[in-house]
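Written out below as structure tokens is the structure these notes cover.
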Amino acid sequence: MMVNDIEYIRQAEATRVQVLSEALPYIQQFAGRTVVVKYGGAAMKDSHLKDQVIRDIVFLSCVGLRPILVHGGGPEINSWLDKLGIEAQFKNGLRVTDAPTMDVVEMVLVGRVNKEIVSLINQAGGLAVGLCGKDGNLITARPQGQEGIGFVGEVSNVNIKILETLASNGYIPVVSSVAADDSGQAYNINADTVAGEIAAALGAEKLILLTDTRGILKDYQDPGTLIPKVDIREARELINSGVVSGGMIPKVTCCVRSLAQGVRAAHIIDGRIPHALLLEIFTDVGIGTMILGSQYS
């Protein structure tokens, strides 16, 4: 073995030790705490990234955190609508969800995407249980109210009992964003919204949104303008001033709403970065934008 090889091995080992020692205080701090992760975007479509997200979720569970995974599934819904000859329509960024589309949304999110994620977590050594808003009356929906969008819903109520029962016994709840109203009518709800409302109802330590952007950027065209940390007041100002715009507005709004209801910190991170969850939670620097509640110390 060459001297250079030995030095390389030493440096690699030193890096591993540094990473592990840096993670320890965070593992101790967050043990027993609930972390709600919204899973979507490229990290759902790329099989390699998907595998890493799954492993990260299992890691969180193994070191004593209580992860709850909320997922979307837009691309797969579009694929199945296409196979069934149903045209996908959007209005003001929302999927127009008529009765046939709602059937497909529920079939894909609850029957396919959810069960695939559950299976992958279980194969990776976790204990996952798949749910939708209908299970255990977890989420009661109400119409979103906008005209011409069909069965698009909002969260009216969250019943956290089933989540607390599962998480406290070492299970990882995996939640799809389909729920019913009081009459039993199914609704399609934005997965960011569901994650935020679940985090708020549980008083979670963290809400983490996996996205296809680095976080909140001062200039959305320049990844180098990442804002690593803001408080809830500054986040509202960024929306009002137009720095936060387009598709980032509902994500930041969702974070602000959850923080206002008691979540301690919300994170918007780039799910395209390998092991983004672990880097954000267990390292000093983090990789995305952390939005702090006013009570966070």
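Each Cβ is built from the backbone N, Cα and C atoms, and glycine gets one as well.
In the three-state DSSP reading, ASN188 (substrate binding site) counts as strand. Contacts of ASN188 (substrate binding site) defined by a Cβ separation under 8 A and a same-chain sequence distance of 6+ are given as ARG95, THR97, MET102, VAL105, GLU106, PHE151, VAL152, GLY153, SER177, VAL178, in order along the sequence. The substrate binding site annotation in Swiss-Prot covers GLY73, GLY74, ARG95, ASN188.
Cβ neighbours within 10 Å of LYS38 (site 'Transition state stabilizer'), excluding its own Cβ and spanning all shown chains: 30. What Swiss-Prot lists as site 'Transition state stabilizer' is LYS38 (among others).
Cβ neighbour count for LYS251 (site 'Transition state stabilizer'): 23 (other Cβ atoms within 10 Å of its Cβ, all protein chains included). According to Swiss-Prot, the feature site 'Transition state stabilizer' maps to LYS251 (among others).
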Length of the line joining the Cα atoms of LYS38 (site 'Transition state stabilizer') and LYS251 (site 'Transition state stabilizer'), in Å: 11
Reduced DSSP assignment, GLY73 (substrate binding site): coil
Of GLY73, GLY74, ARG95 (the binding-site residues), the residue whose Cβ has the fewest other Cβ atoms within 10 Å: GLY74
